[in-house]
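Participant: Sharing a structure here in structure tokens format.
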Amino acid sequence: KDWNYFTFAQQWPIAVCAEHKSCFIPDSVVGWGIHGLWPSSDTESKGPENCNGSWPFDINNVMPLVPELKKYWPNLYPDTKANSFWEHEWSKHGTCATSLPATSNELKYFGMGLKLHAKYNISRILVNQGILPSKTAGYMINETEAAVKRELGVDAVIECVYDKEKTKKQLLYEISICLTKEFELISCNKKEVSETTCPRKEPFFYPPVHDNN
């Protein structure tokens, strides 16, 4: 399957946990975490997946990155194997990116994710625009989309999730940016941008990761 750009998705730990009963956010995780770096196609409904079943994830190949991966690409589900999130992302998406020199193996692929997280840090982008985690303040999707565009110059895809257990509120869940195969920023697909899962007419919430912050 052909693909022509990357989607780089970062997620807010509190909202990830609103979706999953067994969830734990380690003290070392204080901001937006990486969800994944996904080869994507603007002609297909989504990009290629599971491109090489004979290349399983091997933690030994990313050992130098593990301390950073735990902090910035964390698995928040204690009922799963420690490396299962990275295994899943590699098998489903990473194996589809190996044709590019910059992401041709596990070390390069996960290293690129960490590089992009440092360069396009969502916590920093939102803080620069006055959007801060808060127990009480709500934010509107239009303002948030415009804020991200002011920072990056391109349209991002912003997603929310409904927290039916605790707060009964819409929570900011994920922000995805799109990049060329040369890792230059581009606007994401207009259809995906407009079909946000965040409510258009009411605010969503962005609660802090650790209560003491």
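Even glycines carry a Cβ here, placed using N, Cα and C.
The active site annotation in Swiss-Prot covers H35, E89, H93 and rests on similarity to another entry. Annotated disulfide bond per Swiss-Prot: C51-C96, C160-C198, C178-C188, in sequence order. Per Swiss-Prot, the feature N-linked glycosylation site maps to N52, N121, N142.
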Participant: When you put C96 (disulfide bond) at the centre and draw a 10 Å sphere around its Cα, which of the recorded positions N52, N121, C160, C178, C188 have their Cα inside it?
Facilitator: N52
Participant: Among H35, E89, H93, these being the active-site residues, pick the one whose CA is nearest to that of C198 (disulfide bond).
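Facilitator: Considering only the listed active-site residues, the nearest one is H35.
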Participant: For C160 (disulfide bond), just give me the three-state DSSP call.
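Facilitator: For C160 (disulfide bond) - judged by DSSP and reduced to three states - the answer is strand.
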Participant: If I take the alpha carbons of N121 (N-linked glycosylation site) and E89 (active site), what is the distance between them in whole Å?
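Facilitator: Between the Cα atoms of N121 (N-linked glycosylation site) and E89 (active site), the distance comes to 20 Å.
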Participant: Roughly how many Å separate the Cα of C188 (disulfide bond) from that of N142 (N-linked glycosylation site), to the nearest whole number?
Facilitator: 16
Participant: Have a look at the active-site residues H35, E89, H93 and say which one has the shortest Cα distance to C160 (disulfide bond).
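Facilitator: Going through H35, E89, H93 one by one, the closest to C160 (disulfide bond) is H35.
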Participant: When the Cα-Cα distance from C51 (disulfide bond) is computed for each of the active-site residues H35, E89, H93, which gives the smallest value?
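Facilitator: Smallest Cα separation from C51 (disulfide bond) among H35, E89, H93: H93.
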